[in-house]
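Peer 1: According to Swiss-Prot, the protein carries these features:
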type    : residues                                    : note
BINDING : 165-172, 190-194, 212-215, 280-283, 341-343 : GTP binding site
BINDING : Ser172, Thr192                              : Mg(2+) binding site
DOMAIN  : 1-158                                       : domain 'Obg'
DOMAIN  : 159-360                                     : domain 'OBG-type G'
Amino acid sequence: MFIDSAKFTVISGKGGQGCASFRREKFVVQGGPDGGDGGKGGNVYFLVDNNTDTLSSYKGRKLFKAENGKQGMGGNMTGKSGDSLVLVVPPGTQVIDDETNEVLFDLLENGEKILFLEGGKGGLGNVHFKNSRNQRPTYFQPGLPGSTKNIRLELKLIADVGLVGYPNVGKSTLISVTSNATPEIANYEFTTLTPKLGVVEVGNYNSFVMADIPGIIDGASDGKGLGLEFLKHIERTKTLLFVIDVANYRTMIDQYQVLKEEVAKFSNELSKRNYAIALSKIDGYYGENLEEDIKNFIKELDLEESNSNEFKFETEYPYFVQDTIYSRFDKSKPYFVLPISSLTKYNIKQLEFALYELLGQDK
């Protein structure tokens, strides 16, 4: 099960209390104090592990607590420190103070380990309180309490390419034919109820991560449909691929404009990311002239049909691609507008190489 948020209380361990004891040895009358200190309470850490991609291990749990330190012992022996608690989270997890909404940590890198709460110090044993006036002190200190924090975890997926489109436009099919992801695929809206990640292999040595984000509808940025719950997952994507369904009752330009608007309303920064456009389901087109419809869409974007073919695009239908060999990459325009079919694999390999090249434009 994909869980992208969790709320619970975290407590570090309490320090163990000090010990009040006295030396008891043969021929030693009224031995001096030898009570040891209490052990330190366990710390709480966060550890980022890219072998997990969900917060499901925290589902239904309200409290996580590190172990308390053990009591000190005679013979000036310090009590055992409490075991630390390590909370394992996937990359992209934010740790948020549930009372103030302050983002405490943004955990991105695999292997990153953060000390979150330190355990309480152990109390001092009576050996520390001997003085000239009191040779046999019975006083010892209790351990200090651990720290308590009410937190919220929120997972925002990290991907190189995020698929943005209406429900049922072919995003799940596209990620299934380009990567190792196995999303549910069916002919109804909101098949994808949780984000899916897939690794796209480009040639023998290169790859990138693609995210299938649940479909966006009009008003998604206001919380309609699956709304803000899933729009947040494209916040961390480096590049956006707008997937436009040519077999949809909505026109291509209408789909594109709504998607761009919803992304911009959700995050102005996100709307400035590099992007490209895939015209999907050309195998299911039922209009009069797909070639003319694609040409008109390219014109409506104030672009011109391309003749250059660096990526060896199929040429049955028109396409657009920025010529970065003789001119600079223009972030305000799509890197390419490409008709594809996940069913027949039309332009699929070319799409993978073009996306990989687009990811390199920011390097």
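Note that Cβ sites are derived from N, Cα and C of the backbone, with glycine treated the same way.
Describe the structural context of each listed feature in the structure shown, including burial, neighbouring residues and relevant distances.
Peer 2: Under the three-state DSSP scheme, Gly165 (GTP binding site) falls in the coil class.
Other Cβ atoms within 10 Å of the Cβ of Ser172 (Mg(2+) binding site) number 24 in total over all chains.
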Peer 1: Please work out the mean pLDDT for the residues of the domain 'OBG-type G' (159-360).
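Peer 2: Over the domain 'OBG-type G' (159-360), the predicted model scores a mean pLDDT of 82.
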Peer 1: For Ser172 (Mg(2+) binding site) and Ser341 (GTP binding site), what Cα-Cα distance in Å is obtained after rounding to a whole number?
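Peer 2: Here the two Cα atoms lie 12 Å apart.
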